[in-house]
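A.B. asks: The following block contains the structure, expressed as structure tokens.
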Amino acid sequence: MASAPKPPAGHFNILYFASASSFTGKDHEALPAMLPLRNLFAELESRYPGIKAKVLDSCLVTVNLDYVDVSGEEGSDDTVLQEADEVAIIPPERLFLCTIPPQNGPPATSEESPPPRMLLVVTAKSTDAEHQAKD
Amino acid sequence: MVTSQNTKEVWEKSEDGCYVALTHDYLNVQDTMDRVRDPGAGAIVIFAGTTRDNFDGKPVKELQYSSYQPRALRSMLAIAQALRTKHGLKGIAMIHRLGTVPIGEESILIAVSSPHRQAAWRAGEEALEECKAGVEVWKREEFEGEEGVWRANRDGAVGQREEE
């Protein structure tokens, strides 16, 4: 994702990569702002049923390039996503995901395209700590 | 996901003997090596990762890399800085290619220079491993006559596939 267009007033941008992009059929979209970070996954689940268990639960999240805690547990981040923020769903290392791509091309990016059929998810998770250590 | 329409675009960051970049262009070994050249260096080690024509015996047609560029550059620079300090490097450069990379071409170049060769060998290997494990670049393999597979950008076990 080189850069998403500036989101409309009152919205933030969310970027989807790899498996998250395959599931949503998008590489970015604008969502209404002033969304508590802890509600982000629920909001996405309502838009893309099944995404939480299949994709998001193993993903990391950045807000304006910094990794944040979206575990939803007590003590987790009480950030509220603001207008013009850039949020990204970061599929973790060691996660493999299979998709059936559109014919003759890269994964769908246009909003009109139906999401590709999802197949599976797998395997060993890297820990946040390991990831953050590289940060 | 193809990340940019502009095939000449390069994203880069540099600081204190560290250079990191992402590009859709062909990678140039000489340019990358020259970025770490230093009169105090007795060795330059350069690593070129190339796209292999198979994964676990299955023929691969081509590979596509996508990235969250600004985030990936930050991670790459942090890796470079840590290794420069740890191994007393004179210079370190890491550049990753994005988009479609045909079989047999370079997808990543890493160059490190140091006063003595041992540190350069070690730092070069560590840089590659850290890059594959911790940088926000994703690899998609297009198999001959099959659907593509997203992989984290590292070698590893084959994911099991379960159709819904």
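For all residues, glycine too, the Cβ spot is worked out from N, Cα and C.
According to TrEMBL, the substrate binding site annotation covers B:HIS116, B:ARG117, B:LYS132, B:LYS139, B:ARG140, B:GLU141.
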A.B. asks: Which value in Å gives the longest Cα to Cα span across the substrate site residues B:HIS116, B:ARG117, B:LYS132, B:LYS139, B:ARG140, B:GLU141 as recorded?
C.D. replies: 38
A.B. asks: DSSP three-state call for B:LYS132 (substrate binding site): helix, strand or coil?
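C.D. replies: Note: B:LYS132 (substrate binding site) is helical by DSSP.
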A.B. asks: By the DSSP assignment reduced to helix, strand and coil, which category contains B:LYS139 (substrate binding site)?
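C.D. replies: Assignment for B:LYS139 (substrate binding site) reads strand.
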A.B. asks: Whose Cβ, among the binding-site residues B:HIS116, B:ARG117, B:LYS132, B:LYS139, B:ARG140, has more other Cβ atoms within 10 Å than any of the rest?
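C.D. replies: Of B:HIS116, B:ARG117, B:LYS132, B:LYS139, B:ARG140, the one with the most crowded Cβ is B:ARG140.
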A.B. asks: With DSSP assignments reduced to helix, strand and coil, which class does B:HIS116 (substrate binding site) get?
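C.D. replies: It is coil.
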A.B. asks: Within 10 Å of the Cβ of B:GLU141 (substrate binding site), how many other Cβ atoms can you find? Include all protein chains, please.
C.D. replies: 20
